[in-house]
Amino acid sequence: MTLRSVQSRSKRKPIDVFDYSDEDDRVEEESKKLLRKFDSPVTKKHHCAIDKYEFLRCFAKDTQSESKVLQHIVIDVEVPVKEEPSRCELSGDGNSDLIDVISNGSHRRIGIDSLTSSSLSENDEVSTGEATNPASDPHEVDPENAQVLIIPDVIIYGDIYCTNSKLTFSRNCMNVESSSVNATKGTFSCQWTIEDIIKIESQWCLEVETAFVNVLLKSRKPEGVDIAKDISGIDLLKFSVYDPKWSKEVETIRSLDSRYKNIWFDTITESEEIAFSGHDLGTSLTNLADSFEDLVYPQGEPDAVVVRKQDIELLKPRRFINDTIIDFYIKYLKNRISPKERGRFHFFNCFFFRKLANLDKGTPSTCGGREAYQRVQKWTKNVDLFEKDYIFIPINCSFHWSLVIICHPGELVPSHVENPQRVPCILHLDSIKGSHKGGLINIFPSYLREEWKARHENTTNDSSRAPNMQSISLELPQQENSFDCGLFLLHYLDLFVAQAPAKFNPSLISRSANFLTRNWFPAKEASLKRRNILELLYNLHKGHDPSILPANSKSEPPHCGVSNRNDQETESENVIECCNWIKPFDGSSSTVTDISQTKTCSPDLILSKEVSYSGGYDPPSSKLRKVFMSPIVEEVQESCEKKDHLEMDIQKSTGHEIETLRKEGCMLYIEDSDDEEAVSVEYVSDSQDSYEVEMKVEDDDDDELIVTGESSGIHGSREIKSDSASIERVNKSRDSTAASCYNDFLLVLSDDERSSDDKENILISSNVMAKPKT
């Protein structure tokens, strides 16, 4: 037995080396934990650089503790950061990005290749914008040891825009790195200390769960960057980022340093304050939506657009207008063009490009060719595109609108001709240049080639010329916020149709004429289109369609003053019709809208001026530039004879005429409801920020009516001893920088002693008169 036991042990010795010991089991478990971190990204997504760092740390015995899975990007700093001057670099080399990292009191530069940047933005589940300490709550940040990384959708800084970027907030500075600059592979790297940051304005758009941020910085001009300064000494950096948890991330950034709390504001942009100051657009929309029923426009057409209540809601500030509003305005614009000129243009609706590029299937097709043509061939069955001068195509992709214009598609230009007058080309008009990459535009040449083949299959004409059409991305006015792209599309379209030449050559565009240049129009002018479209929908909803031309009329439709100047009676009737249905948008009615006996309409009608240029914004070039939205307001100015000097006649003054004051010294007339005699009210301009009017009554010189206010609003106070009249409402629209009554206020008087039925009549007859002081 002993012998057998010895033999057994001797046989087992050769295989003892294959048995697992406790130490081997421990190593195996550690290996499994490490390998889990390198699983397929489909299962778990981690930043490769961080995983390699943890892997090397473990095998270098740098730590004995179990490595925790990181959910956020954290950069540890061993010592307090030393603040150094801001620095920016713009490079045309697309091989790598440069990040300035401050450590141990000196700068170090870490190179990050484009693959790493891409993986950060596309493959990571890391919450872009949250900074954490591994041992603490995600939003309880130790500002000494953490930075906040944000992956913006787009960054705009002066004349450059970056689409593949990283933005980092730390306790002492803000860094920007990008590997895609102005749609090229150039790189951009910039750093600002927190002292360089003047203000941060953050806006949140719930509909698309995207934040839009303006960072105001102390001015400096990095090499290769042209900064347009609205205010001397201040630069503007803008970025947008999709992040459903943005509010928490803002708090995380604020927790880095108390100085962020002092400079970070949740606010609206300056352009919106200018565009909507003094007007309660929300009230207007609420009142309109309450009574709004589905609007079919144009009535009776098979492809009419149906505007619903939910579409009206999108006209509120800081919201994106949808395809319904775009298509509606395109239809309106098309109907405004005279039949003779209409044949030069062709307008596609918003669904055309979506169908052409096959956006409903996910990733857009940029090389459609025959397949793209077959998807939309029915759209042009009865239209020959090659007979048109201009073809307009609205584009929506990645929550952004832009416009494509195909010019002279049927024109064949011989190669030996220099500077031909008519050049076939494709124009791309984008209010955030670079947001829609060139690939989206490249689908049009191949589509036009297939369209040409289908139209000329029995001819020998050259069918290869369409793909060779030159594609041009224009330098145009850019939007000043991140939600007016649809309005810019419509304004581009509006102005182009109004100014489109019969013969177009992009190489002959004159910079001095501003056509299709950055100086084409003020950016704020496009933002004001939101209110103009609301006004148009209001009028159409009330049954006043300015685009309907009477069957027996050879002139333009009677929208606010468009008339034959030789026919005074027709002119008066047209103006009456317009002035009766234009209404203010302050949520209340106005005596102006109820005046049925109006016989004149001054060049600067108070109501028209108020609706057209809200907040005192009156672009100097707007009166000279004709657009297809403007006739509602501007053509009333042309229809009436302008008078620089009006005769003052108290005896002939009635409560039905309202004329804007054009001089610093003004005389107002108030008609008392108990007395037909007009009472004079003298305007006194003490300063640019305060306004007073004094009411002079013959019976008692001490009685006065005082209206005072600042640029933010005008408020009325009653100090008249007589009980014959009282102020019921003050409706203001005044430029805060003007020293005259150019945009006048309107006082509506009523008698408290009258019955409610009589008060209606009083509101019609008792109103403020305004004439220049003699």
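Heads up, residue numbers simply count up from 1 along the chain you see.
Keep in mind that glycine also has a Cβ here, set from the backbone N, Cα and C atoms.
A quick note: this is a predicted structure, and the numbers were derived from the prediction, not measured.
Swiss-Prot tags one of the stretches 23-43, 548-568 as region 'Disordered', and that stretch is 548-568.
Rounded to a whole value, the Cα-Cα separation of C485 (active site) and H400 (active site) is 6 Å. Each residue contributes its Cα atom, and for H400 (active site) and D430 (active site) these two points are 9 Å apart. Sequence-distant neighbours of D430 (active site): residues of the same chain at least 6 apart with a C-beta under 8 Å from its C-beta are S402, L403, H436, S473, L474, L476. H400 (active site): 20 other CB atoms within 10 A of its CB, across all protein chains.
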